[in-house]
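The domain 'DUF7146' feature in TrEMBL is assigned to 81-178. Taken from TrEMBL, the feature domain 'Toprim' covers 186-277.
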Amino acid sequence: MGVMDLLIALLMMIGCLAYPLPMEMIANGNDGRLLLYCYAGCSFREIIQALIRIGLLGKQAYTHMLSFSKQFCADLKQAKRKAERAKVIWQQSQPIKNTLAETYLRMRGITCDLPTDLRFYDKCLHLSGVKLPALIALVKGAGFFAIHRTFLQNNGCKTDQKPAKAMLGSVTGGAVQLSQGNPKHLVICEGIETGLALLSGLLSEPVNLWASLSTHGMMHVNLPDTKSRLTIAMDGDEAGRKAGFTLAARAYRQGFEVFIMQAPYGLDFNDVLILKGINK
């Protein structure tokens with residue numbers, strides 16, 4: 001039995017640590033944070049002080065937990081600020097049709113219909129401080145409102161500024177939903193361009209397709225509750241394949257019927273689509 005399990009068991013027997021009222025709730029939060037709640041209305045500080053009094057928690061741990069709690073609150077405020085910034089950009093953006101963002105995608109061989117979750121913003125602030133045109137993608141399924149930005153040049157090519165792509169807002173667990181063609185078959189890939197390439201003739205049937213935006217995103221994407229067929233379209237590099245197989249193992253444990261698509265080594269499926277067009 002771990003420390004957390006022991007604390008939970010003791011608190012279930014003891015009840016409220018400060019008053020003879022309903023028991024505390026104690027649990028592990030995300031990233032190892034300690035969650036404490038008293039149904040009698042005790043504050044977090046009062047619960048911690050009561051734990052110290054009965055010898056279940058040392059003063060050093062108390063100080064550390066308060067510091068951790070303050071940092072968590074600061075991180076939460078920052079996440080909310082980023083979410084608000086992302087929402088403003090999304091609201092100020094325009095539909096993608098007949099914009100530089102559409103030009104960028106068509107130049108990459110993409111022929112499929114473009115979803116409404118892709119938009120265009122002509123004056124998007126880059127990390128360098130300059131304002132650039134950008135493809136804006138809405139990220140769904142994450143903790144807060146979030147977007148993904150692909151910065152462009154005025155001719156529709158991707159910018160030379162670094163980074164050329166950037167998220168804004170908390171995207172962990174989320175994805176850009178590029179198509180809703182078949183709820184019984186979900187395809188997950190990394191990049192937006194990769195996903196749109198798959199929808200431009202590389203798949204044999206309509207699918208629901210999500211772009212997880214990165215290897216980290218692929219490993220941590222929140223899967224739907226409905227256990228359907230899942231195809232994981234991996235990029236052709238070691239990091240991409242590791243992320244893909246990590247997701248495959250998790251999805252299999254959750255009851256999905258899992259299939260794998262692997263791009264040739266050193267390529268992604270947008271590269272495959274472009275090469276297919278060149279070789280016609």
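Glycine is treated like the rest: Cβ placed from N, Cα and C.
Predicted automatically and left uncurated, TrEMBL annotations should be read as such.
Sorting each residue of the domain 'Toprim' (186-277) by its DSSP state yields 42 helix, 20 strand, 30 coil. In the domain 'DUF7146' (81-178), the DSSP tally of helix, strand and coil residues is 20 helix, 36 strand, 42 coil.
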